Amino acid sequence: MSQSFNFVRFGRLFRKHTAEHLRGYLLATAVLLGGIGLVLGYVAYLNTQAMSASAQAIVFIMGLLSSGAFFTSTVLAPFGPPRQATSALLLPASHWEKYLVAWLYALPIFVVVYTGCFYLMDALVLQLDDWAGPKPDLVPLFSGQEKLYTGLMAYAVLNAVFLWGSIYFTKQQFIRTAFGVLLGLVVVLVLNFQVVQALVGRKVESVLPFSGLVLREGKAIESLDLPPGQGAWLVLVPVGLMLLGWAGAYARLTEKQI
Amino acid sequence: MVRIRNLYFGYSKRVPLFQDLSLTLERGRIYGLLGKNGAGKSTLLKNIVGLAFPVAGSCEVLGQPAARRLPSVLADLFFLPEEVDVPTVTAARFVEHTAGFYPKFDHEALARYLSEFEVPAHAVLSALSFGQQKKFVIAFALAANTSLLVMDEPTNGLDIPSKVQFRKIVASALSDERCVIISTHQVRDLESLIDTVLVLHGQRIVLNADLGELGERLRFGSVPEADDTALYAERTALGAQVIRPNHGGVPERVDLELLFNALVSEAPALAHYLTQNQPAHESVL
């Protein structure tokens, strides 16, 4: 029997995790349904027109990122407190299997459940909306116009960061990770600004990491952008961050001590 | 079964908990690990089961480094921590989803242990009292039939009848294939249970000896006044409790509490005597 991955052992671990968390997950799904319904209902109530596809898309993406980050913070949390961590770490399954169960719940399963909940509540709210005109359409998940799939990609990156936070911190994982992310962003932005200004040797109006910069020369404002061919490489930054977060979370699990 | 060589460990580099600690534990024995508060008993057990990693040296369980936490090793090892954690499911459901991880799990034995401990099999575990939860986990640990069973302060939180049942059940669960390690600071709880005593003191194991062999070499008793033949003496209200060499060869009952006090007070005569006449097993002092 493989010491890294075995389907029978993984299935057993997945069933155990599901059985022990089912009640909590069902309650969380009910809260998610209620939350999405409230926000969509409030938006529909405030709108004097039918709810637009872009309004639905904003609610979808904001809800996915916020609830997803919160949920992801819980999936490896049992490895934090010593009492829980003892039984979790010593359960006869490999680190990889334990990690994979958490990852599956935090990413694919969560996305499926969230998407299902969103469309259920969205359809209900659009149906109940007493807008006199024709009923608006549900926002499509895969369309070139609203690009909801970009929200899914953004969630994958956020998931990696919060998955790492859920194993790195031993308590208050969501708050600590969110604080760390904000602090990290501020530090990166400030350092990036200072470094670019020192490199350029002129007053920089604004600059973001991995992007062009805006320079001010007297009253004139100049913009300096990356060559079009190189801009496409920027997509590697979130992908790299995502892979780093997942690998970091796994490494942290294998090194976890009590 | 367990092989620790030159273990160095500390939560802080400046304050090592163990230095050059070596220890071998064998199948077919019940070890009692004794040590003062803060001596590192729980930490040593964590090193053995792979919850803490050596800074230097090695700690192997069933021929594998404990820190790797390989599934094959974990399936043949059970660790009962001092404070147990149970999920919010019934005992029956927990067993249904967890027993399969332990290939030698004995469901009949579990039912028997639970019945002896009077733990309801269909109760929600998290709703049970701490003592009941602990008894359930003890029963599960014994029924898992793992080759290595490590228990940290197992009798803490148990009432007096449960402690008696615990000793009886653990004694009945021992086989030539199993190695049981029990850590405690309540020496009297172990007296009729263990066959080998380990004493952890001063960052190392100062005694690893068979109780029968110790009983053949040492005599424990109370005297009005300690004399020069005593390897260690402890004043009491009625005189003194002493440890003396057992020259008669008739096995004596080992007073674990007195022996422990002698070892942690670093009695030079006792240390010299035990070092001079080491039993075949593995006595360190």
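Placement of Cβ uses the backbone N, Cα and C atoms for every residue, glycine included.
Keep in mind that what you see is a predicted model, and the values were worked out from it rather than measured.
As annotated by TrEMBL, transmembrane segment applies to A:25-45 (among others).
Among residues of the same chain six or more beyond the transmembrane segment (A:57-79), those with a C-beta under 8 A of the stretch's C-beta atoms are 28, 32, 35-36, 39-40, 43, 85, 88-89, 99, 102-103, 105-107, 110-111, 114, 118, 122, 139, 146-148, 150-152, 154-155, 158-159, 162-163, 165-167, 173-174, 177-178, 249, 253, 256. Positions annotated as transmembrane segment by TrEMBL: A:57-79 (among others).
Listed by sequence, the residues of this chain that lie at least six past the ends of the transmembrane segment (A:100-121) yet keep a Cβ under 8 A from its Cβ atoms are 5, 10, 13-14, 17, 29, 32-33, 36-37, 40, 59-60, 63-64, 67-68, 71-72, 75-76, 138, 141, 152, 155-156, 159, 162-163, 166, 246. Under the heading transmembrane segment, TrEMBL lists A:100-121 (among others).
What TrEMBL records for A:148-169 (among others) is transmembrane segment.
Through the fold, the transmembrane segment (A:181-200) approaches residues 161, 207-209, 213, 215 of its own chain, all at least 6 residues removed from its boundaries and within a Cβ separation under 8 Å. According to TrEMBL, the feature transmembrane segment maps to A:181-200 (among others).
Here the transmembrane segment (A:232-253) has Cβ contacts under 8 Å with residues 76, 79, 95-96, 98-99, 103, 153-154, 156-157, 159-161, 163-164, 166-168, 210-211, 226 of the same chain, all six or more residues outside its ends. Positions annotated as transmembrane segment by TrEMBL: A:232-253 (among others).
Residues 57, 60-61, 64-65, 68-69, 72-77, 79-80, 102-103, 106-107, 111, 139-142, 176-177, 180-181, 238, 241-246, 248-249, 252-253, 256 of the same chain lie 6+ residues outside the transmembrane segment (A:148-169) yet bring a C-beta within less than 8 angstroms of a C-beta in it.
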